[in-house]
Each structure stands twice: as structure tokens, then as C-alpha cells.
């Protein structure tokens with residue numbers, strides 16, 4: 001056997017070994033990307049939450065037992081490409097370490113929750129960031145998202161031995177931002193000046209009318225004339241005149 005034949009014989013066990021290592025550490029990839037709920041739903045995007053469709057039927061062929069957890073991975077968009085599935089879910093994967101890790105795990109479920117093909121009248125959704133009461137340090141906390149994003153999410157199925165399967169990353173998700181009122185340059189300033197001028201003129205007119213009314217009222221209620229005062233001083237009642245007539249008689 002020549003030297004090339006010997007090299008081929010030596011390479012075969014090495015290739016088999018590499019194949020076994022890769023298959024043992026690789027994750028099953030599920031050809032599914034998480035989707036935002038339809039645009040017609042009010043509140044699917046807010047300043048701190050977003051709403052996903054449930055991955056119904058996506059884990060039915062995965063080698064999992066029913067109690068095995070399926071997590072939702074929430075990541076900063078720029079950290080998604082560097083994400084490595086943890087061998088075990090720990091406290092460091094809670095939202096408190098979101099900025100340091102670039103991701104956190106939340107909304108623990110199992111494939112029983114995500115069974116598909118069953119008629120259901122209820123709208124089955126996942127509301128990310130909808131829990132204001134959980135501790136940021138606790139595993140699975142679904143706390144409000146800290147900013148507008150962008151974010152990416154994926155589902156990660158795990159067993160007691162470690163990660164088993166994962167979906168694709170979603171598209172970038174941007175949350176709503178608070179809108180600040182800004183005056184339109186030029187046009188709104190001129191309109192404001194016109195309104196202020198009109199109100200000033202109206203106020204001046206009302207003030208003049210008020211002064212005229214006050215002056216008129218003062219003139220009409222001024223003191224009586226001297227003639228009226230004389231008449232009032234010499235006025236005697238009928239009763240007093242009768243008494244004087246009786247005395248003179």
C-alpha cells in the first residue's frame with residue numbers, strides 16, 4: 001500500500017470522530033422563526049411589550065419529554081449572532097443580566113402548551129414583557145423590556161442533559177417610542193400671534209364697555225338736587241296737619 005493509501009486509512013477514523021463530536025454537541029434546528037401577531041391586534045407593540053404567535057406544533061417531532069422546558073430567548077439584535085445555548089438555565093440568565101449577557105430566557109413552557117391542530121376559540125399568544133411584579137433576578141421573569149430595541153427572539157428546547165433544539169431567530173422587533181409634541185416651524189407661530197392679537201383687542205373692548213357702564217351707574221345714582229332737598233325738609237304728613245287744626249280750634 002502506497003503512502004497515499006496509508007493517509008486515507010488514517011483519515012477515516014479522524015473524520016468519524018469529528019462527526020460524532022459535532023453530532024453530540026449540535027442542536028436540532030427547527031425551520032421556524034417566531035412571528036409578531038397580526039397587525040390588526042391592538043397593543044401588539046407597546047413601549048415595553050410585544051406579542052408573539054405561539055409556535056403551535058413546532059416541537060411535536062423533537063426528541064423531548066412532555067415536562068422538558070421550552071424557553072423563549074430574548075436578545076439584543078446585535079448580540080443574537082454570538083448567542084450560545086447554555087447547558088443549564090441558571091439565575092444569570094435572568095433579565096437582571098440582560099445588558100451583560102446580551103440575552104435572557106423567559107416564558108418557560110413545554111410542548112404540551114404548544115400542541116397544534118386542535119380547534120380553539122381563544123387567541124393563543126405570548127405577551128413578552130408583560131409582568132411588572134416579578135423579580136429581575138428570578139429565572140423566567142417576564143419583566144417589561146428596557147428600551148425600544150431592536151430585539152430578536154427564538155425558542156430553545158432543553159432536556160436534563162442540555163439544549164436539544166432551537167428555532168430560527170425572528171426578524172428585528174422595534175417597540176413604540178414616546179412621541180413628543182413639536183410645533184411646526186413658521187405656520188403655527190404666526191397663527192398664535194394672530195390669536196393673541198385678537199384676544200387683546202377683544203379684552204380692550206370689554207374693558208371700555210365696563211368702564212362706560214360703571215360711569216353711567218355712578219352718574220345715575222349721584223346726590224339729589226337742592227330743590228328736592230328743600231321739598232323734603234318742608235314735607236309734612238297728613239297726620240301732623242290734622243293735629244295742628246285741632247289745637248287752633
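Cβ atoms are placed via backbone N, Cα and C, with glycine included.
Per Swiss-Prot, N-linked glycosylation site is recorded for 63, 82, 133, and the stated evidence type is sequence analysis. The signal peptide feature in Swiss-Prot is assigned to 1-26; the stated evidence is sequence analysis. For 216-249, the entry in Swiss-Prot reads topological domain 'Cytoplasmic'. Positions annotated as transmembrane segment by Swiss-Prot: 195-215.
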Integer average pLDDT (0 to 100) for the topological domain 'Cytoplasmic' (216-249) = 56
Within 10 angstroms of the C-beta of residue 63 (N-linked glycosylation site), what count of other C-beta atoms is obtained when all protein chains are considered?
-> 11
Quick one: what's DSSP say for residue 82 (N-linked glycosylation site), helix, strand or coil?
-> helix
What are the non-local neighbours of residue 82 (N-linked glycosylation site), defined as same-chain residues 6+ apart in sequence with CB under 8 A from its CB?
-> 102
Please report how many Å separate the Cα atom of residue 63 (N-linked glycosylation site) from that of residue 133 (N-linked glycosylation site), as a whole number.
-> 34
